[in-house]
């Protein structure tokens with residue numbers, strides 16, 4: 001081997017080594033110096049909460065720098081799973097959906113943060129319940145969204161129908177939807193979005209054994225909720241499912257452009273509607289929100305709805321010297337300061353202490369009548385789906401049942417029976 | 001001297017191939033080999049992949065959703081392949097004539113193939129809308145009572161997907177057939193005409209045999225493409241209503257990326273791979289016997 005070839009090989013090796021070291025990030029030495037914390041988030045342009053919390057935290061913690069790493073909202077869990085598996089995930093990451101919490105926790109990807117929740121407001125502690133496994137808490141909720149009934153005051157008045165007063169059962173809701181269908185300019189009396197959760201979430205939360213039956217694969221409890229949904233669309237009181245799916249209707253368009261006078265939707269829509277009325281994407285009209293309809297009068301004083309917390313957890317692979325800063329960050333986002341900042345942009349924080357509620361209803365354009373206020377403060381939010389390792393599988397098979405029923409391809413008992421058999425097939429039992 | 005020259009030539013050759021091969025090995029070969037290994041494990045992305053032997057295959061045998069997905073995949077392929085083949089050939093023959101504006105029609109026929117699948121799905125879904133869509137309004141206008149629910153009906157969702165699939169693929173395969181038609185010598189047609197062959201006989205005895213290499217290529221590519229159909233169904237029906245359009249690729253996606261059962265999803269992928277290989281082998285054998 002001559003010298004020139006040796007030199008060439010050696011220089012190649014150096015280039016390769018440089019390239020490889022360039023790929024690995026590694027912490028830069030200093031034990032006591034400033035800490036840089038990376039936090040996951042999605043769609044930063046339309047979801048301001050991540051940068052808001054990062055900036056707020058930095059103000060009170062000048063020795064910590066918070067960098068938000070952006071993910072794609074639609075593929076958040078896939079991308080986060082890949083990053084965690086590759087060891088390149090951020091130090092703190094949000095649990096976007098309760099439905100995948102068990103995957104992260106069961107996979108050993110979350111640090112125990114029970115000591116953080118211990119010092120927080122009671123409302124945060126109760127919102128953190130779904131993140132608690134065997135007495136240890138693995139994520140801290142910073143927002144908690146529940147489903148409310150949105151109503152268009154102008155359209156109610158035009159149709160001469162009484163507005164919701166906080167005492168509505170599902171029968172009252174159905175009757176009102178029937179009358180409202182005749183409102184001038186209305187496509188229908190109400191809009192049920194095409195998601196399976198828009199029907200199943202209420203059944204899971206409001207039926208006495210809903211959560212247990214869900215996990216046991218006994219889906220008969222969904223039947224009354226589906227029969228009501230079908231009846232509403234059959235009588236044209238609700239927008240037809242086939243029309244909604246084939247025309248890709250959006251809930252923002254249906255309620256925001258006054259095509260329907262009522263809609264059940266999650267509380268994240270409050271901030272969206274305020275922003276869209278401001279930008280002109282939604283029309284300007286007088287609206288309000290009320291508790292979701294109940295099965296009967298027994299739960300009217302503390303109306304039960306479904307939803308769930310959005311929390312942040314700490315990556316189990318975080319370097320030791322960052323753990324304290326990460327825990328302080330979690331305490332900040334659910335504490336009074338962080339929660340007030342969230343409330344000021346129309347987000348419903350998990351912390352609903354009086355100070356936070358005051359900030360929430362001071363937002364411009366926010367309905368601030370007594371019904372809206374009591375809806376915000378007396379809500380009882382049960383998880384959309386119970387947390388279990390089997391949840392993703394059950395959600396998939398119930399989604400099949402949902403599309404079969406709502407499209408009219410299958411009658412309700414047959415579709416639920418098929419789902420039960422599919423449960424036995426996939427999970428056993 | 002000769003040996004060292006040969007070695008040098010080989011090295012130069014390899015150095016040309018190397019960059020591409022490295023990319024292929026890193027991005028395709030290694031993942032594919034890993035897939036075969038993973039299909040015998042219970043890997044869930046995090047942590048270790050435990051070897052479970054044939055457990056995944058045994059589970060597959062009793063998995064009704066898998067069989068539904070397989071049946072739907074074969075339904076789609078069984079209809080989509082022949083219909084696309086016949087229609088694209090017919091279109092190629094039509095546009096191979098000296099028609100006025102033939103270039104325009106060729107371009108128009110190719111258009112769907114280069115249109116975004118998401119846009120295609122959105123527009124077709126609107127056209128298929130059971131109550132307000134133009135398709136059913138047209139059917140109503142010509143007196144069809146109780147028109148189908150198309151993508152919103154369990155019985156009609158698969159035909160709907162096939163219609164859109166054929167419409168999208170038609171132009172591409174037409175182009176391949178057009179290229180094949182150009183290779184058939186004109187004098188063969190003249191000789192056949194002099195021998196008294198009619199249009200149908202010319203088609204059957206000159207065009208079809210002349211197109212055999214093209215037909216074979218189109219059939220193989222079309223079949224493999226149909227067996228692994230994914231994007232079209234994902235955006236058009238998402239497998240629904242119920243499981244009426246759930247296909248194997250989508251089932252793999254569901255098991256892997258939604259339910260994190262990557263070991264099991266790999267096993268389904270291996271089965272789909274096996275089916276593709278088997279079907280292609282049969283096509284090669286049939287083609288060889290025909291050309292012999």
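If you go along the chain as it appears here, the first residue is 1 and each next one adds 1.
Quick reminder: no glycine exception, Cβ is built from N, Cα and C everywhere.
Curation does not apply to TrEMBL; its annotations are automatic.
Not measured: the values here are computed from a predicted model.
Per TrEMBL, the feature transmembrane segment maps to B:12-38 (among others). If you look at the transmembrane segment (B:12-38), the same-chain residues 6 or more away from its ends with a CB under 8 A from one of its CBs are 49, 262-263, 266, 269-270.
Residues annotated as domain 'ABC transmembrane type-1' in TrEMBL: B:70-283.
The transmembrane segment annotation in TrEMBL covers B:74-95 (among others).
Under the heading transmembrane segment, TrEMBL lists B:107-127 (among others).
Residues annotated as transmembrane segment in TrEMBL: B:156-179 (among others). Tertiary neighbourhood of the transmembrane segment (B:156-179): same-chain residues 72, 75-76, 79-80, 83-85, 87-89, 91-93, 95-96, 106, 109-113, 115, 117, 120-121, 124, 128, 148-150, 211, 214, 217-218, 222, 225-226, 229, 232-233, 236-237, 240-241, 244-245, selected by CB-CB distance under 8 Å and a gap of 6+ residues from either end.
Tertiary proximity for the transmembrane segment (B:214-236) is limited to same-chain residues at least six positions away from its ends with a CB under 8 Å from its CB atoms, namely 73, 76-77, 80-81, 84-85, 88-89, 117-118, 120-122, 124-125, 151, 160-161, 164-165, 168-169, 173, 176-177, 179-180, 208, 245, 247-250, 253, 272, 275-276, 279-280, 283-284, 287. According to TrEMBL, the transmembrane segment annotation covers B:214-236 (among others).
Positions annotated as transmembrane segment by TrEMBL: B:262-286 (among others).
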